[in-house]
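As given in TrEMBL:
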type	residues	note
REGION	1-26	region 'Disordered'
DOMAIN	53-235	domain 'Oxidoreductase molybdopterin-binding'
DOMAIN	259-388	domain 'Moybdenum cofactor oxidoreductase dimerisation'
């Protein structure tokens, strides 16, 4: 790709915030501290999780950069950044979440394969760019189309990013043409993040944002967009990011029996506390995030301090305002909801959080029922342990 190249090694990586928890150095995969994650409704670029599969691509000549759009269309085109910027610009606030978020907790039950993420492999940002539905109209595909005139039913995004899983070929993923051409799906070709030009870690100069869907489909460092007949056959669509039952292991897995994961399930986690906490006060603030895929809102977040016998409902917020799960009242349907509750701290016990979305989907109580060999989509109740200092002192007498 003229103007954009993928390095062969990690010698030219961009700088990162020193507070990030590094889960993998090469390629670089990292997440912020829990408390930092929810310090703001919109996640700062520094504290937005970093998910990479190889060395970070480099733009050496932005004027020469083009994204090509082709495949099963009447006429292929190439668009420069200047041409993309002349299209109507939209700002969409959306949460991206790695499918492996909370994998470490799942691995404690039984070992899984993948980067060991805590609870912060997600972030909420305002993305700026052109809607993909507008761009596809340029190549003759009307809005709300399920098929192109030449039989295309899927839209494939191909990066310049080279990764070992693709045996040195580029990272790629796809979504349905129906989703891509639906203006209400808000799929973006984004060139801004939080009002600034994308940085290298997050896809400069151009990336896809597919709201409500696992982060693996929001391809960074775009090279090509192809209209294709069948779903993308890349590694990350066909041999990864699929949800298998607990009975499947590496000896009996058949990747073809499961669909590629798209929407993420309802999820919440406590960010104001670590896994183990020693506290002094009688009251404690329980705060965190809740989010559901597919544009579904958060109906409520429940908190328990007695192992799930009794529950209280946490307050919910977006943009520092009370949140209502109703798009007509100004909620941002692709964005997370922050929650907060002040509770009486148990002397020695567990604090639990679980969320319910507007389709009445609820997080499962235990991780064992959703365990899978790739450790994706751990949406079990989030639990943290607390002990009062006075209890510890008495126990040591």
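Here the Cβ of each residue, glycine as well, is placed from N, Cα and C on the backbone.
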Stretch-averaged pLDDT - the domain 'Oxidoreductase molybdopterin-binding' (53-235): 97
Tally of residues which DSSP labels helix, strand or coil - the domain 'Moybdenum cofactor oxidoreductase dimerisation' (259-388): 6 helix, 59 strand, 65 coil
